[in-house]
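Beneath this line is the structure, given in structure tokens, with notes to follow.
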Amino acid sequence: GWVSLNDSHNQMVVHWAGEKSNVIVALARDSLSLLGPKNSDVYISYDYGKSFKKISERFSFGDGNSSAVAIAQFYHSPANNQRYIFVDAFVPYLWITTDFCKSIQGFSIPFRAADLLLHSRNPNLVLGFDRSHPNKQLWKSDDFGQTWIMIQEHVKSFSWGVEPYDKPNTVYIERHEPSGTSTVIRSTDFFQSRENKEVILEDVDDFQLRDKYLFATKAVRLLGSLQPSSVQLWVSFNRKPMRVAQFVTKHPIKEYYIADASEDQVFVCVSHDDNRTNLYISEAEGLKFSLSLENVLYYSPGGAGSDTLVRYFANEPFADFHRVEGVRGVYIATLLNGSFSEENMRSVITFDKGGTWEPLQPPAETRYGEKTHCELSQGCSLHLAQRLSQLLNFQLRRMPILSKESAPGLIIATGSIGKSMAKKTNVYISSSAGARWREALSGPHYYTWGDHGGILVAIAQGTETDQLKYSTNEGETWKSFTFSEKPVFVYGLLTEPGEKSTIFTIFGSYKENGHSWLILQVNTSDVLGVPCTENDYKLWSPSDERGNECLLGHKTVFKRRTPHATCFNGEDFDRPVMVSNCSCTREDFECDFGFKLSEDLSLEVCVPDPEFAGKPYDPPVPCPVGSTYRRTRGYRKISGDTCMGGDIESRLEGEMLPCPLAEENEFILYATRYSIHRYDLASGLSQELPLAGLRGAVALDFDYEHNCLYWADVTLDIIQRLCLNGSSGQEIIISTGLETVEALAFEPLSQLLYWVNAGIPKIEVANPDGDLRLTVLNSSVLERPRALALVPREGLMFWTDWGDSRPGIYRSDMDGSLAACIVSEGVRWPNGISVDDHWIYWTEAYMDRIERVDFNGLQRSVILDSLPHPYAIAVFKNEIYWNDWSQLSIFRASKNSGSRMETLVGRLYGIMDMKIFYRGKTTGQNACIAHPCSLLCLPKSNNGRSCKCPEGVSSTVLPSGEVKCDCPHGYSMKNNTCVKEENTCLPNQYRCFNGNCINSIWQCDNNNDCGDMSDEKNCPTTVCDAETQFRCRESGTCIPLSYKCDLEDDCGDNSDESHCEAHQCRKDEFSCSSGMCIRLSWRCDDDNDCRDWSDEANCTMFRTCEASSFQCLNGHCIPQRWACDGDADCQDGSDEDPTICEKKCNGFQCPNGTCISTSKHCNGITDCADASDEQDCEIPLCTRYMDFVCKNRQQCLSHSMVCDGDIQCEDGSDEDANYAGCAQEPEFHRTCDQFSFQCANGVCISLVWKCDGMDDCGDYSDEASCENPTDAPTCSRYYQFQCGNGHCIPNQWKCDGENDCGDWSDEKECEGSPLLPITTAVPPTCLPNHFRCGSGACITNSWVCDGYRDCADGSDEDACPTSHPNVTSSPPAPRGRCSRTEFECQQLHKCIPNWKRCDGRRDCQDGTDERSCPTHSSLSCPQGYRCEDGEACLLATERCDGYLDCSDGSDERNCTDDTIVYKVQNLQWTADFSGAITLTWARPKRMSSTSCVYNVYYRMVGESIWKVLETHSNKTSSVLKVLKPDCTYQVKVQVQCLSRVYNTNDFITLRVPEGLPDAPFNLQLALKKEAEGVVLCSWSAPVNAHGLIREP
């Protein structure tokens, strides 16, 4: 259809209302730059452009005169598509409509509305800007423009905030200041109150808001200079405070232009003084920029290009830079080498978001099949017209590059091939996201597409025409359609935004009548035929076009209509997108800030940029203590890149380091197997250290001077180190020859690390780096050594040994000499040991007590007894600290009497080693300080020393008898001492043994990069899981087993494709060169389906079509039904060959034999002589609103009639679950019993746990909506009592007559309780039982008047009585009584040492010392397995399961077929795009792969019954498709070998991603009485939301 408007205005603005509305609004106006009076006309269409009605008479100034109205612009409400505002160009007047222009109201307003900004969610809220007013006023309307109030003046720019980054009514303005600069201000109440107004940045030149980013520029002036020396770019990400962005360049910066900020990364054009513009790219926060592309084309009205003709056509800056929509990471840019002319313009493209750029691949042939003779190697490529080309060719402006989300990978552009843009232009099309191009049309054209790219249309530019060209195969072939009775001079070709419709609108005029607007509409739906079926689609990925498996770390697969399938997708086609992650490769990384590619680009190595003056390896500022940062190796992952894993990632991504920590306070370090914590004694705060991969951390120590932590992992049998000052990351220093390291001790004076290698047994020593190692003691002295303590100043070493034959406390010099047992009586299971002031303290687990003795084994006494299971011990000042395995806590008490016992930390599951550190602990002298040795210097008693050589190092004996070591490799002799050579390599480099420095990326890559092979030594051997992975031959990389024999070289050496069985393709398949089979119809369709292009090789006019298709003589394929239908569908007309069609009619045959096209059947026009083609046409055609096609292809239904419980399709397909996708019935919802509370996550807990202050549900729902919220208790609910001061004590200490709490609260409310003493309240600024120093710091009360200056001002030792707290002495025993360290026998009142009490021997004549003794037994494990050392209870399933759970390894010894337990390892889960959960695991150790299978179980959290998902599978992965979206499940995998099932309680908890909600129900419509034509729609929420239903 066509409409002549009889309108001669020279501009027309058209708007589709959208949201499936048929309304189109058009404004015809004169350009404001033209001389003479101005007026305008408004037109509206209610039938989607078939007809237009002129409504200009409705726009008047209130006096009925509409001729003087000159509407400059109209605005459409994004919140309500029926609302429009029209604004006059010269008069402060506007018109509004809320019903698609059916009624229009005019209002005089107090300002000239140069710009309006309508709110995205509130349809009544509008901002208006008066640029013509001297004060640049900003106004606001709350009633859609009827009334206005002024909210700000001196406004330069304004914008709404963007949700969710801003509150709903946030407004940003850039306000002019008298200084000439601007201030950026944000307000959430339209500047009504000061508290809701915030200054974002001052002294700003320009400001811009882009979604999550804020950008501003500021000129920085030098002192004494009137000219700006440089311009700064300030950036805010996610509304954080604005910060200055950093650019690595030595050139002065003149201007910034934000080219793109759409993919969590910012492209910025930076213009320099010499008019050269470079393109930079940032990390996600937009603060650190690296160079991406030089000499990019950029125009600025006051800068680059302002002296060219472009200044007459462009008043805003721009860059020739296009983001290819629909795919990630693809951009096209224009390079400018010289002046602003097309001879100096070239196009380049990037597929990795600016990591690398390359010329566009030119097509090999023209559209007529002639060779182009354009080769990249000769500097010839394809160049595409962008903004500058359009402006330079102002008489015939070239169309911009067209790419849209509606058709991923499809690009149409105007361009030319050659060495620059200055060639004849044609239309070029790419179906591969820019990887390949073909010439589609000769000469410039208008173009667009519809039906999600299913149909392309074009019209020739610059001439009169009546022909519309269209293509249904992505521009491979074109047909023509006569759209007008006579030629039309075309101004433009448009379709509704979104490119989903098949209706196109042509704007033009008949030339002979002068300019008069003509609107013509073409509906191309008949061309596409029937709806597409699954056979009409194929899966396509942009990465396939590049020959890579992945782009930007993942493979995105789109469902795309095949080029030669002629069918329609439909407006509601929801294109499925599948995304899968990939392992990292070098292409996933770019050079980090401060680095650049080396001059030899083929190496792809990033090296430090000499122009960068910063320190790229330093920690960031700020770097909070307790957090970590990634120290660069010169590379950074491209922003938005999602790759994970692989050898390259670990080499390039940088090492994680803790933020530097300057230790000041005294603190405890304790290990809990899977973590190590730091407990500050002054503040009482506990903090987990940033460590990774801990499996069995049982021993630790700390180098206070260098701030380095050492720990041993008995599960991995390694010793590791992490320096908290940021000097290095977590590193393994010893990994060989270790077997159950149970103790570590760092010697700070000589810088030596000692450890107990209990499984061998040995006590060994090494330097801090672990490369100089020596055995000090072996099995000749040791039996089952456990703990170790050093006295460096005395040269002594003490350890505990709990072997069966000679348990005791031992002492030797630190070189292992003079070893002797100093305590052997009454010792059975000595655990921890600590030394303080010539006293040795140890925990005795069998006797359940803590004892002490002096260095000679004398003056032995029991400090505490009746302890459930003491383990590690430490001494600090006047107190002992220990942890207890049974009570899961760390305790403190007096080191002399055991009094004042208190709990410091509770709920410590798996608590192991513990040590205390403080400033001054490492000070002192010994013989090694004054007289060092050549390598290892071991202190001895009596101020002696022993020079030792590490194992494997040769030595010589000097005349003095001293041993001198030869310096090993990497050490050099200086002053008779072997000194480690300094590492002069950068952190991103590896130092070879020969001193060379190589890039760290080259280490362990199977190449001799060092020259001495040292970079390939000690490389970890990649162990691949034989059940799920394949190991590549050369690289050793593990790839999924599914990649084996898939006809793709995934390894790079083709080893994954060797020894594969030959595969025969079917008759309907094509065999690729690699052996892969693809559908025969995909041959020669211009898609790289074989991934080696063999399906597109030798494609000429000969082509094989499917059986359901007709093959034209030129080789093209068309649907069989198009042959002999009266239309020439083949370009050569061979489908209508009379010799074939005389016998056949594939269209509609009239009774007289005439064959007409199928499209002419039932089209409302009589074509047969007897009108039979329009008879029996009761079946309606599918429209945009009736777009559900029944399976029988005979009926069309509205989507509201599908899956509604009623069958409307004759074949019932509208209610078919598979065809229509109808949801299943919701399953039964589980409820808890009357004595339980049901958590929000479905878990049932005891009702008494509701509102008790503890998170028993795991999601805090049991503590929500409590009338009197309870503070979370710090004590165990079951076996501890919480004192009034917050301390925790065992329940049995309650009401025992002793002040265990310290505030007597444990003795309150006791039967017959005595009068309690009155205590003084603790100052409120410190914790209970803490002292407040004069400086305000808090210390524990026990440190006051203890002889140590713990407060910085010494106030804790002021006004103290004269005493010597550090001198330990026992008070004299009263006459007739034993001393405090003795036990008094009941008869004869004999005194014996208290350590002899309960030692199993009768020392009192009456035997009273062995009465009322605790049971001398280890832990009782009635339902599990007890370790042989008696120190831990295990579940029965943890015995012989392949993991060392006992510290003595007894749980994995003497395993038989009857006791062995098979457990899967590394059970993990991932969710894909569709919501399916993939479960993966590793085979158990020692398990046979032939007779054992896996059973997979699952249950929803809160359920007690496990459901079977999969049984008797030999795969180590499983896909869970039965789980409900947005629900939490527990999943476990059990092993079954023959008939035996190995039960396990090990499960993982996972949460299924949100899914699509069910359809809403109870849909109702009602007319709104007070508003004519308004329909109110209401509905009930779906039964199953499958997640959070969000607003669109």
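Residue numbering: from 1, along the chain as shown.
Glycine is no exception: its Cβ is also placed from the backbone N, Cα and C atoms.
Of the listed residues CYS1421, CYS1427, CYS1433, CYS1427 is the one Swiss-Prot pairs with CYS1446, by disulfide bond. Recorded disulfide link (Swiss-Prot): CYS1190 to CYS1209, out of the candidates CYS1162, CYS1168, CYS1209, CYS1222. Partner cysteine of CYS1124, as given in Swiss-Prot, is CYS1141 (from among CYS1099, CYS1105, CYS1141, disulfide bond).
Here the Cβ of CYS1155 (disulfide bond) has 17 other Cβ atoms within 10 Å, regardless of which shown protein chain they belong to.
Counting every protein chain shown, the number of other Cβ atoms lying within 10 Å of the Cβ of CYS1433 (disulfide bond) is 19. For CYS1077 (disulfide bond), other Cβ atoms within 10 Å of its Cβ number 16. Fewest Cβ neighbours within 10 Å among the disulfide-bonded residues CYS1065, CYS1168: this applies to CYS1065.
Closest by Cα distance to CYS1310 (disulfide bond), from the disulfide-bonded residues CYS1065, CYS1155, CYS1168, CYS1283, is CYS1283. Across the range of the domain 'EGF-like' (933-979), the DSSP-based residue counts are 0 helix, 23 strand, 24 coil.
Taking all protein chains in view, 20 other C-beta atoms sit within 10 angstroms of the C-beta of CYS1072 (disulfide bond). Helix first, then strand, then coil: DSSP counts for the repeat 'BNR 2' (139-150) stand at 0 helix, 5 strand, 7 coil.
Reduced to three states, the DSSP call for CYS1077 (disulfide bond) is strand. The disulfide-bonded residues examined here are CYS1010, CYS1150, CYS1310, CYS1338, CYS1398; by Cβ neighbour count within 10 Å, the least packed of them is CYS1310. There are 23 other Cβ atoms within 10 Å of the Cβ belonging to CYS1090 (disulfide bond). Close to CYS1413 (disulfide bond) in the fold, though at least 6 residues off in sequence, lie ARG1397, CYS1398, each with a CB less than 8 Å from its CB.
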